[in-house]
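J.: This is the structure I have questions about; it appears just below.
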Amino acid sequence: LETGAGFPFAINNSTGWIVVASELDREAVDFYSFGVEAQDQGNPPMASSASVSVTILDVNDNSPEFTQREYGARLNEDAAVGTSVLTVSAVDRDANSVITYQISSGNTRNRFSITSQSGGGLISLALPLDYKLERQYLLTIAASDGTRQDTAQVVVNVTDANTHRPVFQSSHYTVNVNEDRPVGTTVVVISATDEDTGENARITYLMEDSIPQFRIAAETGAVTTQMELDYEDQVSYTLAITARDNGIPQKSDTTYLEILVSDVNDNAPQFLRDSYQGSVYEDVPAFTSVLQVSATDRDSGLNGRVFYTFQGGDDGDGDFIIESTSGIVRTLRRLDRENVPLYSLRAFAVDKGVPTKRTPVEIQVTVLDVNDNPPVFERDEFDIFVEENSPIGLVVARITATDPDEGTNAQIMYQIVEGNIPEVFQLDIFSGELTALADLDYESKAEYVMVVQATSAPLVSRATVHVRLRDANDNSPQLKNFEILFNNYITNRSGSFPGGPGLSPTRGGQAEQVSHHHHRPHPAVASAVTDAPLMSPSPPDGVHSATAQCTLRVTVITDEMLSNSITLRLADMSQERFLSPLLSRFLEGVAAVLATPRHRVVLFNIQTDTDVGTARILNVSLSVLLPSSAHGARFFSSEELQERLYLNRSLLAAISAQRVLPFDDNICLREPCENYMRCVSVLQFDSSAPFLASDTILFRPIHPVTGLRCRCPPGFTGDYCETEIDLCYSSPCGSNGRCRSREGGYTCECHEDFTGEN
């Protein structure tokens, strides 16, 4: 026997029996083929061989074995009876083994059955399932070959039947979302309900159409933004959303979600133009429309409602307003191009959102000129000096005016409208050059007064032109006889009037030295008023000469004269006019009223009254020496002068041809004195004044000031009249009377048989 190690057969060498040497296992080797050799004992031995085939016959020594220990299946509760659940399979290594399957346990209420089919066990639904009663079955399946068996576990999960579809609460949803919400904002969570359970109730959400601005979470139904929204681009979106369960077969429901984009104030107003230009005439009335600005706002509602304002901008210093709703720019008051020819305004378009947004715009308004300004001369009066005997045709001046208007409105034409008759001058209509048309003679006419007119039709302006001729030395000097009245205050005698040769003013030429003699003044009036010496000045002008006689009168003014003087007020009189024959007539009138010689009337001041406004009143101060036949005081007292001259004003006016006004208010009217002291108005020396001149008189005045003195009443003395005097001390009543003192005086009581004042 040719065998190898582990060969399960052996052969008896003597008998030739083949026996089993070790355990056989058909499932391992079911067929053996080997050779057998027979050999004799001869020599040489002879042998022969044969082939032996051994087939191992099967015995039931193997149990069936399931291919897997556990099985699982899911079955809807609405599965029909007979529905195959699953097939279990067991394997038996024995040959020709027939395996049968049965449910050994777990088949509650016999809901399942198993049949052997094609070597496997087909588990089928024997009776209807009820998910509400059993949701899981744990079946034990036995596989048997008749003798031996094996078991396996089958888990059958009963699933709820997908009998309900997902249901949205509404077929249409509407939500609002602000356009400024960031990307990723959850707009709304859409949910549907499914009365099933498990997978049948697990809902998946999806959008039917692809809208790039939104997406939906499949598990939660949350709709979120995935792009920025813009109300101005699209105001609403409609999404078809489907809720689908995970049952078999799947069921679904669809709803529509309308997303309304809410406007926020994210757009500022925009003007239709970058800037605006307009024009208006300067003479238009207030509230005239100039132009209209317009702006739009892409927002909606109050966010897009625009109004206009100058607030925070520039309204031309209040010259313009803007209507808030229409945007019409109007003038607020009359304009003046000459002051402001161009306005640069700044307006704002403002929406009514919260917070508000505003946009500025520049507005230029050109003020158009109208002829509303007359020409304006540089001065109201022009003084032009021209040499006499200038040649005819000489341009003596150029008189021009300016017009703040522009263009044709500023064209000016000139003409002489008054004062050029006969026609001595000509004014160029365009240039304003003033030309002499005739010989100019200073001695014939020293000054020409003309009114010139500048016209910018229909407006005119006028100015007065004084053409003053400068005298040329083409005529001999003319000098009249004249007198010098020199008043000299006594305390200022030295140096107040020259004692030797001096300069005497002359008229019509240069000053000439003259000789004179000083006559000693009268001892009472201290004045040289009679037989004054004569001077004969002869003033040359370098070419011509003239001769005249001069009388010099010097009067020394004393404090006594000032204390006994008055000031008369002459109406409608000037200094130059008074220094004429009117002076002599005035002195004669005063002398006649007072019945005294004229040379005793001393006039020492002539002064224009500056406290009466535009009235021409001349103050004349004088004192009068008493006639030589009078006794007592040397001068008329100021009270007596005032009374007599005032009461005889009509006589004085008739003689002097001058109107005397009432005396000015006396300073004593204010009652400045106390303790019954009597106030007396007096003149005091103030200063010497410069000469006053007329054609025939040079007058040198003494300027006094008005003062007062307080005199004690009778019976009192002292600085303040505080000491009473016994007036009876001097026995004023004589020997036939008795003096009795009383306040302010005394009384005489006469003895029997006597009478009289004292």
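Here the Cβ of each residue, glycine as well, is placed from N, Cα and C on the backbone.
According to TrEMBL, the disulfide bond annotation covers CYS712-CYS721. Among the features that TrEMBL reports, domain 'Cadherin' is placed at 9-66, 67-168, 169-271, 272-377, 378-479. The domain 'EGF-like' annotation in TrEMBL covers 664-722, 724-757. Residues or ranges marked as region 'Disordered' in TrEMBL: 496-524.
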J.: Looking only at the domain 'Cadherin' (9-66), report the model's average pLDDT.
T.: 86
J.: What else in the chain is close to the domain 'EGF-like' (724-757), if you only count residues 6 or more beyond its ends and a Cβ gap under 8 Å?
T.: 713-717
J.: Go ahead and report the DSSP secondary structure tallies for the domain 'Cadherin' (272-377): helix first, then strand, then coil.
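T.: Helix/strand/coil tally for the domain 'Cadherin' (272-377): 4 helix, 52 strand, 50 coil.
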J.: Take the Cβ of CYS721 (disulfide bond) and count every other Cβ within 10 Å, whichever protein chain it belongs to.
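T.: For CYS721 (disulfide bond), the count of other Cβ atoms within 10 Å is 19.
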J.: Within 10 Å of the Cβ of CYS712 (disulfide bond), how many other Cβ atoms can be counted across all chains shown?
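T.: Counting Cβ neighbours of CYS712 (disulfide bond) within 10 Å gives 19.
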